[in-house]
Amino acid sequence: MGLGDTLRKAMDKIQGAGAIDKETVKEVVKEIQRALIGSNVDPTTVFAVSKKIEEKAFEEPKGGMSQREHIVKVTYDALVEILGGEKTPKDPKKILLCGLFGAGKTTAAGKLGLYYKKRGKKVGVIAADTFRPAAYEQLQTNAKTAGVDFFGIKGEKSAAKVVREGVKKFKGHDLIICDSAGRSGLDEELVSEIQEIDKALGAEEKWLIIGADMGSLAKKQAQAFHKAVGVNGVIITRMDGSSKGGGALVACNETGSSVYFISTGEKVDDFEGFDGDRYLSRIMGYGDLQGLLEKAKEIEMENINPEEIMKGNFNFKIFYEQLKATKKMGSLGKVAGMLGFGAKIPKEAMEMGQEKMESFKIIIDSMTEQERLEPDLLNRSRIERIARGAGKDDKEIRELIKQFKKMKKMFKKFRGMNEKSMKTMGEQDLGKMMQQFQGKKAMKKKFRLK
Ligand SMILES: Nc1nc2c(ncn2[C@@H]2O[C@H](COP(=O)(O)OP(=O)(O)OP(=O)(O)O)[C@@H](O)[C@H]2O)c(=O)[nH]1
Ligand SMILES: [Mg+2]
C-alpha cells in the first residue's frame with residue numbers, strides 16, 4: 001500500500017467514526033504515523049506531526065465546519081506543511097544539475113529543457129559529464145527529444161572547459177541547463193569538479209537530483225551537497241517507482257532547499273512542478289476529501305463573485321480566478337458545482353485536466369489586463385502576441401477562447417432562465433422560482449463565509 005492509500009484509510013476512519021472523541025483521534029494519529037513511517041519519513045517529523053494534529057483536533061472549528069471536518073482539515077494541513085508548499089523557481093537563467101550516480105541528472109536535463117521550452121524559453125543544455133562514457137550521446141538524445149539545443153565537446157576531459165565553451169555558444173539563450181557527472185559518493189573529487197563547473201557556469205540555481213528511493217536519507221545527501229556547492233533546489237526522481245517518495249519529499253523540505261520538481265517516469269514529459277498540497281490531494285484520491293476541501297475552499301473563494309457572473313460579466317479574469325481556485329480541486333466542474341452551475345457546464349470543461357488548466361493559466365498570464373476584461377479585443381495579431389509570450393501555439397489560444405466562449409454562453413443561458421421565470425411566473429413556476437431564488441441566496445451566503 002502506498003503512502004496515499006494508508007493516509008486515506010486514516011482519514012476514512014475519522015469520517016466513518018460514530019463519535020469523535022480523544023480515542024478516535026489517537027487511533028487516527030496512529031494510522032498516520034504508520035503511513036509516514038512506512039514511507040520512510042523521519043521519526044522526529046512523524047512525532048511532530050502527530051503532536052500538532054492532537055493539539056489542534058479539538059480547537060473550535062472555523063467557518064461552519066463540523067468537528068469531524070475540522071479534524072480532517074487539520075490533519076491535511078499538517079501533512080501539507082511537512083511536504084512543503086508550492087515553490088516555483090523564479091525565472092532561472094542557468095541551472096547546474098548535480099547528484100550521485102544514476103540519480104537521474106541527465107534525464108532531468110531533458111525534462112527541464114522541455115518544461116521551460118513549453119513556457120516560451122530558448123533553452124540550451126551542456127554536456128559537462130566528461131566522466132562517464134556515452135554521457136555525451138545520452139544528453140544529446142535527450143535534448144533532441146525535448147527539442148532544445150545541445151552543446152558538448154566529444155572526447156574533452158575538462159568539464160570546466162566544456163562549460164566555458166557552452167556558455168559562449170548559448171549566449172543568446174534564455175536558459176542554460178548544465179548536466180554534470182555523478183559519483184557513488186560525495187567525495188573530494190566530485191566536490192572539486194562541481195565547484196569548477198560552478199565557477200565556469202556562474203549559475204545562481206544549483207539543483208540537486210535525488211531518487212525517491214533514498215527516503216529519509218535524502219536529507220543527509222541534500223545537506224552534504226548544500227555544504228559543497230550551495231544547493232538551492234531539489235528535483236526528486238523515480239517518484240513512480242518508490243514507496244519511500246514521501247520520505248524523500250519531507251526530508252528535502254526540511255533542509256530548506258525547495259523541492260521544485262518531481263519526476264514520475266522515464267518519458268520526457270513525466271515531470272511536474274511540485275506542490276505539497278496538490279500532491280497530497282492527488283495521492284490520497286480526491287474523492288474522499290472532496291466535500292471537505294470544497295468547503296474549506298468556499299471560505300477562501302471570495303474572489304469569485306457569483307453576481308458578476310450572473311450579470312453576464314464573465315471575462316477572462318473571472319475565468320482565471322476559477323482556474324486558480326480549481327488548482328487544488330482537480331477540475332473546473334467542481335468549482336462550477338459549488339457555484340450551482342454544475343450540471344450545466346460543458347463536458348469538455350468539466351473534464352479539463354490539470355495540465356490543460358495550467359496551460360490556460362499561462363496564456364491568461366500573457367494577456368494584458370484590458371484583454372482579460374474585454375475578451376472581444378482578441379484579434380489575430382493579439383492572439384499571435386499572446387502565443388509568443390506564453391510560448392504556445394496560436395491553436396492553443398484559440399482553444400482557450402473557444403472554451404471560454406462556451407462557458408460564457410452557458411452562464412448567459414442560465415441567467416436568461418432565471419429572468420424568464422421571474423417574468424412568466426405562473427402557479428406551476430412558483431415552486432421552481434422559489435427553488436432558484438433560494439439557491440441564489442444560499443450561494444451568496446456561501447461566499448460570505450469567513
Ligand atoms: N522510473 C523512472 N526512471 C527514471 C526517472 N528518472 C530517471 N530515470 C532512469 O534512471 C536511470 C538513470 O538516469 P540518468 O539520467 O542517466 O541518471 P544520471 O544521474 O545522469 O546518472 P549518471 O550520469 O550515471 O550519474 C535511467 O535509466 C533513467 O531512464 C524517473 O523519474 N522514473
Ligand atoms: Mg548522467
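Using N, Cα and C of the backbone, Cβ positions are placed for all residues, glycine too.
Annotations in TrEMBL come from automatic prediction, not curation.
As recorded in TrEMBL, the features of this protein are as follows:
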DOMAIN    1-83  domain 'Signal recognition particle SRP54 helical bundle'
DOMAIN    91-305  domain 'AAA+ ATPase'
DOMAIN    92-285  domain 'SRP54-type proteins GTP-binding'
BINDING   99-106, 179-183, 237-240  GTP binding site
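DSSP assigns Met239 (GTP binding site) to coil in the three-state reduction, outside any helix or strand. Fewest Cβ neighbours within 10 Å among the binding-site residues Gly99, Gly102: this applies to Gly102.
Within the model, the domain 'Signal recognition particle SRP54 helical bundle' (1-83) shows a mean pLDDT value of 83, rounded to a whole number. In the vicinity of ligand 1, defined as a Cβ distance under 6 Å, the following of the binding-site residues Gly102, Lys105, Ser180, Arg183 are placed: Gly102, Lys105. Checking the binding-site residues Gly99, Gly102, Ser180, Arg183, Met239 against ligand 2, not one has its Cβ under 6 Å from it. Reduced to three states, the DSSP call for Lys105 (GTP binding site) is helix. Mapped onto three states, the DSSP output places Ser180 (GTP binding site) in strand. Look at Gly99 (GTP binding site): DSSP puts it in coil. The binding-site residues considered are Lys105, Arg183; of these, Arg183 has the fewest other C-beta atoms within 10 angstroms of its C-beta.
For Met239 (GTP binding site), the number of other Cβ atoms no farther than 10 Å from its own Cβ, over all displayed protein chains, is 25.
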